[in-house]
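Okay, structure first, notes after.
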Amino acid sequence: MADGDWSCDANDALHITVVQPGETKPRTVSTFHPQFTYPIFGDEEQIFGYKGLIIRLRFAAHDLRPHVHISYDERFKAVGETSATDLLGALKPFIPEEALINLADYEKAVQEDPEAKDFTPPGKLVYGYEANERKYEIWAGSLADPAVRRLLDRVQVLVSLFIEAGTPLETNDPEWTLERWTVFFVYEKIKPPHAGGILILHCRVRHSLSVLALPARPHRGSIKISELPARLRIAQFLILPSHHRSGHGTHLYTTIHASCIADPTIVELTVEDPNENFDALRDSADYCLLRPEFLKRNVNINPDPHGAYSKKQRPRTVPTGALIPTEDLNSIRTNFKIEATQFAHIVEMYLLGRIPKSHRLAGGTNLARLLIKKHKADNEDDRRYYWWRMLTKQRLYKKHRELLAELELIDRVEKLDDTVRNVEEGYEITLDALEGRLPEAEDDSGTASSGRREKRKLTVEDEDDEDEEEESTGTPLAKRPKV
Ligand SMILES: CC(=O)SCCNC(=O)CCNC(=O)[C@H](O)C(C)(C)COP(=O)(O)OP(=O)(O)OC[C@H]1O[C@@H](n2cnc3c(N)ncnc32)[C@H](O)[C@@H]1OP(=O)(O)O
């Protein structure tokens, strides 16, 4: 028998189904496939030895009670060493024991759950919002709370199935370690007769161990890790696919950020190995948060630093302090508790947006001419654009100094040029995407933009953006280059 006849795609075979008590038996609310199954079934994401295989992973919409059900038409009879994949053996490390009861018992437990009707998520209600005429609530609780831990244990398999290189969290740790974690849940609040909630997403944040200040002589038992000045780190952020692109991610991220700003013990919000989609969400949320403050302080590039234009004299170095209000920017960054590299991206994006599009590459400006004229260009927006490129290049150069030093001068210049162009293209994508969402429905330069979306292309790869001394919850396999 040819191998291919008995192999199937594990992502297709695995169905994730959300169920809810129905009239007489649980009904399906949504079904979707995973994005990844390599942590469970290996790099090829193939399962051998079954025909018509369906692995159905059910979750109750309210308390996430899990269940695994496996069905198939035919199973390969072992020949020598070749046998069908041991499905339960592969799944067991990822799902709680309670998921392995028989289907009838599971359905009965969901259908007759006395708590389903009035289910309240564990932890504290931190924020409520409406979207598309539906009500949603964000709840947050410490991982030291057994009810939070139970929900997380039940749903953690989704981290392996939807976040590349994401690994489930060890929840058997001692309580002081668990206290460092806060888990956020977003639930849709639904009306009777099927009251309770439907989980939309979950997210874990961690009080980073890079605690910044300890009392001089701590007394045993008097310190709570979660109350020490620290960074808050978003570790894993997951929205069920049926709810993507509805703004839930932005609501949650903004709520976490607001709680950071309000908490005097938190100095900065960071993110662990964000992927490209999360970066897009974070960039647009941070931009919307900071933009009013930038506008209030009239942050812009001075097109004539040290009178360079009037004197027609080129400053020997990039005169950062004369080009942008560095002190103001520092204070905005500290007040909004945004991590330094992320803040630099938002500032660059904002400053780019203040230059009318016709004076930017995206609007067809004549770059070759500008590179001849440089700071002596007649038009002040051309000069702004010239200085924008210099500021961005300066940041990129500092960040990748070692990598660039290995290149010949000519290659170094070319690499930096390519990178700045790719960074700029990335900003243009976000600026375009934000166009309709900004209050004035125009970009910050006051001109309309095209709304075009493209894939980001970045050339110089980041080393680790965040503090490397921190332990990580997963080994990144394919880290998105971010500069
Ligand atoms: C730290 C980490 O955990 S990194 C891993 C992040 N998690 C995952 O990748 C798991 C699977 N994916 C998800 O859970 C979700 O798709 C998320 C968290 C990435 C995004 O959540 P959503 O609720 O869909 O985001 P939301 O609707 O708020 O989108 C906000 C903006 O982010 C950007 N964005 C979000 N998803 C995408 C995407 N797939 N492609 C491009 N842009 C995106 C867009 O600008 C979007 O605004 P728009 O829809 O008006 O254009």
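Cβ from N, Cα, C; glycine included.
Listed features, source TrEMBL:
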ACT_SITE  Glu272  active site, proton donor/acceptor
BINDING   Phe237, Leu238, Ile239, Asn275  acetyl-CoA binding site
COMPBIAS  461-472  compositional bias 'Acidic residues'
DOMAIN    6-164  domain 'Histone acetyl transferase HAT1 N-terminal'
REGION    435-483  region 'Disordered'
SITE      Trp176  site 'Interaction with histone H4 N-terminus'
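Here the recorded positions are Trp176, Phe237, and the one ringed by the most other CB atoms within 10 angstroms is Phe237. Residues Phe237, Leu238, Ile239, Asn275, recorded as contacting acetyl-CoA, have a largest CA-CA distance of 14 Å. When secondary structure is read from DSSP and collapsed to three states, Ile239 (acetyl-CoA binding site) falls in the strand class. Distance from the CA of the residue listed as 'active site, proton donor/acceptor' to the CA of Ile239 (acetyl-CoA binding site) is 17 Å.
For the domain 'Histone acetyl transferase HAT1 N-terminal' (6-164), the mean pLDDT of the prediction comes to 94. Between the CA atoms of Trp176 (site 'Interaction with histone H4 N-terminus') and Leu238 (acetyl-CoA binding site) there is a gap of 25 Å, rounded to the nearest whole number. Within 10 Å of the C-beta of Ile239 (acetyl-CoA binding site) there are 21 other C-beta atoms, taking all protein chains into account. Around the Cβ of Leu238 (acetyl-CoA binding site), a 10 Å sphere holds 20 further Cβ atoms from the protein chains shown. Considering other CB atoms within 10 Å as the measure, the emptiest surroundings among the recorded positions Glu272, Asn275 are those of Asn275. Cα separation, Leu238 (acetyl-CoA binding site) to Glu272 (active site, proton donor/acceptor), rounded: 13 Å.
Comparing Glu272 (active site, proton donor/acceptor) with Phe237 (acetyl-CoA binding site), their Cα atoms are 10 Å apart once rounded.
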